[in-house]
Ligand code: PSU
Ligand code: MN
């Protein structure tokens, strides 16, 4: 078995059976600028504690897989330059060669599962990119959801992606997509995407029971819980739509490819909205942390 370095707080939680919520680190290194990235990571952790669960932020630091970061480690990672972005394809190589890397949704699910953590909260998942019919750019996050038994709470997927194709790939791969408290699949900055979600649930207990039922049936893979952004933080489609189009055009013009695509688009949109996209992003991550803690408590029977 791989040697996992647990923070003292996470080690205590494991020993006492306290509910745990995994958190990714790519959102810190590649999803938000400093210093809001570190401030948000701290606020997300505090929210999970306030809701009666324990946060476990995951990253690879100097070749060691960390589950739970200390405040110093969080701060250092948040300011570090040239941190690798790790998915299923590269997490083992990073550990083997003593590297430092931030975990995407896919890599965080893998690490959470190794640590026995069944819930993970984040902002948005990767998906099928627009133009995937020629670029073949489909996030490894979708395949991980089909493989690893972790429930992921996100605010849906960003409109930088092709949402209908993302839902099709999830369905093909047998991933339950559960909208929380509404019928529509949420679209990150907007509560509605105009696409009906395949499933709807209105309580953390139902989501926890569905995860347990899948395990009891021997079904592989996790669940995607799509939690709509709080209404007061929504960004109107008329505002964000043209900005997304411009970001996609710029990525195309600069020939951005592979794992650089998502961070490039996020940064472009942040600058084009004068930071409004970030305010919304922070609000929805905190909202997902609250729901993630509720699901973790239900799973732990607490
Ligand atoms: N979408 C967001 N914010 C993010 C990401 C996606 O709205 O920070 C990050 C997550 O870590 C996700 C990764 O797992 O990007 C997906 O990257 P790719 O599209 O290269 O698979
Ligand atoms: Mn990709």
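FYI, residue positions are counted from 1 along the chain as it appears here.
Cβ atoms are placed via backbone N, Cα and C, with glycine included.
Per TrEMBL, the features are:
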ACT_SITE  24  active site, proton donor
ACT_SITE  158  active site, nucleophile
BINDING   85, 105, 139, 140, 141  substrate binding site
BINDING   137  Mn(2+) binding site
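Taking the features listed in TrEMBL, we show where each one sits on the structure.
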residue	record	Cβ within 10 Å
24	active site, proton donor	29
85	substrate binding site	21
105	substrate binding site	27
137	Mn(2+) binding site	19
139	substrate binding site	25
140	substrate binding site	18
141	substrate binding site	27
158	active site, nucleophile	26
Tell me which binding-site residues (85, 137, 141) have a Cβ under 6 A from ligand 1; sequence order is fine. 141
Among the binding-site residues 105, 137, 139, 141, name every one whose Cβ is found under 6 angstroms from ligand 2, counting any of its atoms. 137, 139
Around the recorded substrate site, report the further residues of that chain (criterion: Cβ within 8 Å of the mean position of the Cβ atoms of 85, 105, 139, 140, 141; site residues excluded), sequence-ordered. 26, 87, 104, 106, 107, 125, 126, 142, 144
Span of 85, 105, 139, 140, 141 around substrate - largest C-alpha separation, Å: 13
Look up residue 24 (active site, proton donor) in the DSSP assignment and report helix, strand or coil. coil
